[in-house]
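Take a look at the structure set out below.
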Amino acid sequence: MNKFAIVLAAGKGTRMKSALPKVLHQVAGKSMLAHVLTSVSEVEIAKNVVIVGHEADRVIATLPKGTQFVKQVEQLGTGHAVRIAADLLANEDGATLVIAGDTPLITGQTLEALFDYHFAQNATATILTAIAPNPTGYGRIIRDENGSVEKIVEQKDANDFEKSITEINTGTYIFDNKSLFKALNEITTDNAQGEYYLTDVIEIFKKAGQTVAAHILDDFDESLGVNDRVALSQAELTMRKRINHQHMVNGVTLIDPATTYIDSEVTIGEETVIEANVTIKGNTFIGKNVLITNGSRIENSEIHSNCEVRNSTVEESRMSVGSNVGPYAHLRPGTVLSEEVHVGNFVEIKGSTLGKGTKAGHLTYIGNATVGEKVNFGAGTITANFDGKNKFNTEIDDFAFIGSNSTIIAPLHIGKNALTAAGSVVTEDVPDEAVEIGRGKQVNKLGRAKKMPHYRGQ
C-alpha cells in the first residue's frame, strides 16, 4: 500500500519569542523540521507534502530539493492545515502520516512501526500516543470501557476527569488517505480555540463505526513537541545524549559525555578519544585514532586519522593524516594541512595550504599562503597579507626556513631552501637557496646606557 506524509510546519511559534520560524530552530546543529524530514525519509514514502505558513519563504528555502509544499495563508488550525493538501493527496489510495515539524526527537524506526501497526489493525486512523509523567498541555486519549479509543480531548476543552488521564496524543497520526480528506470536510470550529482541530476526525470515524487504533510509544522523549525555549533545551539535551551514546557504541571514547557537544551530522571513526568540554559542529568528519583534548571546538571540518587537536579551534579546514594542532591554535576557514604538519601554541592560519611535514610551532600568523613541504616557521612570524582593501598571497617553497620574528609583506615568493634571517621584514622575492637579511645593522653605543632613564648605577 502506498504511504504518504504531511508535515505541519506553518505555525508561528509565539512562545519561542523569536523572529525565526519555530520549525527552523536548531537541535544538535540541524533544524527541527530537518530532523523530522530525515525521520520521514527513512520510511518508504511515495509523496511527502510540507505545509508552510508563517515566514513561508524562509521555511521553503530550507527544504530538500524536490520537496512538495503548500502554503497555509491563514493559520486556522491543524485540521485546516491538513485539508489544504487535498489538491495533492485527496484522490490517492493509501495511508497518510501526519506529523508536526516541531517534534525533532521522533525516529524513523518509530514511524515505520506506526505504519506496521496501522496496517496490522486494518485501521482507518492510528494515533501515536504516550504515557506522560506530566500530561498538562497535551490532548488526552479518551477510551471506552473496552479500552478502544473513543476520542481526543484538547487540554483547553478537557474536564477535570479528562485532565487526570496520562495517555496523551503526540500529534502524530496515520490515516486512510481518502477517509481523512472526506472527514476533514465535516469538522467545525466549535471549540475553545475556534479552530479546525485535526483531532475531531477521530470522533467522526468512531461515529461511522470505523476502526481507530492507538500505538503507545516506548520512549516518551520521542513525543516532545517544542513550543518554547525550555522545551528546545530539553530536545537538545535528549538529542545530544542519543548522539553521544551512538558514537560510544561505535567505538569512540567520550571522557565526559555530559560536556561533549556533537552535532547530528558529525562522523567519527573508531578509537578516537574526545576529552571534556569539546564541541563538534556541522558537517564534520573525524577519522580513526584521533585525539581531541579539553576545550576544543571543531566546525565543518575534516580531521583525518592519527591527528591531534589540543585545546584549539578548527573551522572549515582540513587536517591530513598525522597532523597536530595546539594548544591554543586557530585554523580558520580554507586552511589545509597536509600529512604530519605541526601547528603549535598560539598559531593562527587562514586560507592557506601547508605541505607535508611543515612546522609552525608558536606565535605565528599565516594567511593566504601556499607553503611547501618541511618548511619551518620561527616564533613570531607573520604574513602581512592585507593592505586595508585587498588580500595578497604568499608562496613559500619546500624546505624554506623562516627565521623568528620575520614579517613577510605579501605578495611575494620565497624559494626552495631559502632562509630569512630572524627579525627580517621581507618585502621582495627571495630566490632559491638565498639567505635574506632585511633588518637594520646592530650598533652598540658603549657607556651610553648611563644617560638613559632606566639606569640604576652599579
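The backbone N, Cα and C atoms fix where each Cβ goes, and this holds for glycine too.
Under the heading active site, proton acceptor, Swiss-Prot lists HIS362. Marked as UDP-N-acetyl-alpha-D-glucosamine binding site by Swiss-Prot: 8-11, LYS22, GLN72, 77-78, GLY139, GLU154, ASN169, ASN227, ARG332, LYS350, TYR365, ASN376. Annotation comment: Swiss-Prot describes ALA379, SER404, ALA422, ARG439 as acetyl-CoA binding site. The region 'Pyrophosphorylase' annotation in Swiss-Prot covers 1-229. The region 'Linker' annotation in Swiss-Prot covers 230-250. The region 'N-acetyltransferase' annotation in Swiss-Prot covers 251-458, and the record cites sequence analysis as its basis.
Mapped onto this structure are the features recorded in Swiss-Prot.
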{"residue": "LEU8", "record": "UDP-N-acetyl-alpha-D-glucosamine binding site", "Cβ within 10 Å": "25"}
{"residue": "ALA10", "record": "UDP-N-acetyl-alpha-D-glucosamine binding site", "Cβ within 10 Å": "28"}
{"residue": "GLY77", "record": "UDP-N-acetyl-alpha-D-glucosamine binding site", "Cβ within 10 Å": "21"}
{"residue": "GLY139", "record": "UDP-N-acetyl-alpha-D-glucosamine binding site", "Cβ within 10 Å": "25"}
{"residue": "ARG332", "record": "UDP-N-acetyl-alpha-D-glucosamine binding site", "Cβ within 10 Å": "16"}
{"residue": "TYR365", "record": "UDP-N-acetyl-alpha-D-glucosamine binding site", "Cβ within 10 Å": "22"}
{"residue": "ALA379", "record": "acetyl-CoA binding site", "Cβ within 10 Å": "18"}
{"residue": "SER404", "record": "acetyl-CoA binding site", "Cβ within 10 Å": "18"}
{"residue": "ALA422", "record": "acetyl-CoA binding site", "Cβ within 10 Å": "16"}
{"residue": "ARG439", "record": "acetyl-CoA binding site", "Cβ within 10 Å": "15"}
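Cβ proximity to the acetyl-CoA site centre (mean Cβ of ALA379, SER404, ALA422, ARG439, cutoff 8 Å) flags the following additional same-chain residues: GLY378, GLY380, THR381, GLY403, ASN405, SER406, ALA421, GLY423, SER424. Taking Cβ pairs closer than 8 Å, the region 'Linker' (230-250) reaches residues 16, 25, 27-28, 32, 35, 104-105, 221, 224, 257, 260-264, 266, 268, 270 in its own chain, all 6 or more past its ends. DSSP assigns LYS22 (UDP-N-acetyl-alpha-D-glucosamine binding site) to a helix. Regional average pLDDT for the region 'N-acetyltransferase' (251-458) in the model is 97. In sequence order, GLY11, LYS12, GLY13, MET16, MET32, ASP102, VAL226, ASN227 are the residues near LYS22 (UDP-N-acetyl-alpha-D-glucosamine binding site), counting only same-chain partners six or more apart with C-beta under 8 A.
By a simple count of nearby Cβ atoms, those within 10 Å, the most crowded of the recorded positions ASN169, HIS362 is ASN169. Taking the Cα atom of each, TYR365 (UDP-N-acetyl-alpha-D-glucosamine binding site) and ARG439 (acetyl-CoA binding site) are about 20 angstrom apart. Taking CA atoms as the reference points, the residue listed as 'active site, proton acceptor' and SER404 (acetyl-CoA binding site) are 10 Å apart.
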